[in-house]
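Read through the structure below, which is laid out as structure tokens, and then see the notes.
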Amino acid sequence: MQVGEEMASLTKIACPIVMTSLLIFSRSIISMWFLSHLGKVELAGGALAMGFGNITGVSVLKGLSVGMDPICGQAFGAKRWTVLSHTFQKMFCLLIVVSVPIAVTWLNIEPIFLRLGQDPDITKVAKTYMLFFVPELLAQAMLHPLRTFLRTQGLTSPLTISAIVSILLHPLFNYVFVVRMRLGVKGVAIAMAFNTMNIDVGLLVYTCFSDSLIKPWEGLALRSLFRGWWPLLSLAAPSAISVCLEYWWYEIMLFLCGLLGNPKASVAAMGILIQTTGILYVVPFAISSAIATRVGHALGGGQPTRAQCTTVIGLILAVAYGLAAAVFVTALRSVWGKMFTDEPEILGLISAALPILGLCEIGNSPQTAACGVLTGTARPKDGARVNLCAFYIVGLPVAVTTTFGFKVGFRGLWFGLLSAQMTCLVMMLYTLIRTDWSHQVKRAEELTSAAADKSHSEDETVHAEVQDDDDVSSNDLEIGLLQNTN
């Protein structure tokens, strides 16, 4: 396979994901802007609530849905179409069930935060935000499996279009709820949930009326929802752990900020910096998603060399981006914070930490791409082990020791993250170097076979016409659904 062709295939999948992710992450920036104009306490409380919502809700749902990636990607490559629909159905049900205890946790955050030593004023604002943010769980439970279901078929533009419409409405919703209706922090939370719901509506409309994809409800039967869970759960659980371990690190950083000399300024600055890392993360995330899809297709189609080529090219792209991101944030360290606040103390903390954040991206970008390879090869347990070691055995002790032991303060937390990212990168590269790609092809066959529900008396056969098997996109994929009886 030509290197140029594979790079074009990766960028065709990744570019719409970059645009979509920027749009989705920009909603947090818009929300932070409205919070900053409500006051310093509101900004700090809102940032704390967003972080808590991400690590206890969004990260869990997103992590579980990552378990779909290897099954759907490899099933698509192996042309086992029914497996895609059944996997979506099971994942949606799983996320709905998991959302219940998450919602209960959100509704009881005040005693949790106070026992952890957080400022009472900040905690009160965070409690209010989380109360009105609960509908986001239902919206996320639909969004994550549906976007994965579409992406593994090479369909990324529907999400981009839905995100564009949704983000255009987001400032309007914030203005109506926060300014006109004077709901304050409540309005910011409601507007955020509305944003995700709007994306869901767009994707569902596309799914219902488009003839260019496998339908997620194909083969839906009550008994199919009670069978064949193990392949999905065995991937979803470690995937969730891997994602959550990384997400939780940022929440720990927020909590540690609350123990510094000026908790309000430190928490607010950390919230803005975490949003900044979110913006920078969209390109590595897109590369990772593209790698996972292409590697899954290659392994499902019995092409180990193509999977290895995809891995190498993806890592090269990720390294180049990491270097560019480091230069970008370092150059803008004196002006970046002014986009969010005019508080001198907060601006000083942001400016001091941005160069360290830039160094973190040099490690974060390629290690995120490497995570995509592990996802595409159905090895989430390896990713979980790496994140546990890098972030909690190495990074957390470095952060605590540097911040409080050596009295470095706010920047010490970011030195901890830097050590974690570099450790993670080294361990990921070591894991990939030892990969036996021929063995991964055999594992892909075993996985898709196990995920197929062979107990049904009926199965659906889907005939796909693809102009170029190595270049699947929403423009060249035509799928007709035919029902055959065994």
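Positions of Cβ are set from backbone N, Cα and C atoms, glycine also.
Swiss-Prot has this to say about the protein:
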TRANSMEM  15-35  transmembrane segment
TRANSMEM  45-65  transmembrane segment
TRANSMEM  94-114  transmembrane segment
TRANSMEM  130-150  transmembrane segment
TRANSMEM  159-179  transmembrane segment
TRANSMEM  187-207  transmembrane segment
TRANSMEM  240-260  transmembrane segment
TRANSMEM  267-287  transmembrane segment
TRANSMEM  312-332  transmembrane segment
TRANSMEM  346-366  transmembrane segment
TRANSMEM  386-406  transmembrane segment
TRANSMEM  413-433  transmembrane segment
REGION    448-474  region 'Disordered'
COMPBIAS  453-466  compositional bias 'Basic and acidic residues'
> Is it the case that the transmembrane segment (386-406) and the transmembrane segment (346-366) have 3 or more CB pairs under 8 Å, with pairs at least 6 apart in sequence?
Replying inline: no
> Given pairs 6 or more apart, does the transmembrane segment (187-207) have at least three Cβ pairs under 8 Å with the transmembrane segment (413-433)?
Replying inline: no
> Counting only pairs 6 or more apart in sequence, are there at least 3 Cβ pairs under 8 Å between the transmembrane segment (159-179) and the transmembrane segment (267-287)?
Replying inline: no
> Hey, which bits of the same chain come close to the transmembrane segment (312-332), Cβ under 8 Å, at least six residues off its ends?
Replying inline: 3, 6-7, 10, 276, 280, 283-284, 287-288, 290-291, 294, 354-355, 357-359, 361-366, 368-370, 372-373, 432
>> For the transmembrane segment (45-65), give me same-chain residues lying six or more residues beyond its boundaries with a C-beta closer than 8 angstroms to one of its C-beta atoms, as numbers and ranges.
In response: 28, 31-32, 35, 38, 91, 94-95, 98-99, 102, 105-106, 109, 113, 118, 121-130, 133, 136-137, 140-141, 144-145, 148, 185, 188-189, 236-237, 239-244, 247-248, 250-251, 254, 258, 267-268, 270-272, 274
>> Which residues of the chain, 6 or more past the ends of the transmembrane segment (346-366), have a CB below 8 A from one of its CBs?
In response: 40, 265-266, 268-269, 272-273, 276-277, 280-281, 283-284, 287, 315, 318-319, 321-323, 325-330, 332-334, 336-338, 410-411, 414-415, 417-418, 421-422, 424-425, 428-429
>> I need to check the long-range neighbours of the transmembrane segment (240-260): which residues 6 or more away from its ends have a CB within less than 8 Å of a CB in the stretch?
In response: 47-48, 51-52, 54-55, 58-60, 62-64, 66-67, 116-119, 122, 266-267, 269-271, 274, 277, 371, 380, 383-384, 386-388, 391-392, 395-396, 399-400, 403-404, 409-410, 413, 416-417, 420
> Residues sitting near the transmembrane segment (413-433): Cβ under 8 Å, six or more positions beyond its termini, same chain?
Replying inline: 249, 253, 256-257, 270, 273, 311, 315, 353, 356-357, 359-360, 362-364, 366-367, 370-371, 373-374, 379, 382, 386-387, 389-391, 394-400, 402-403
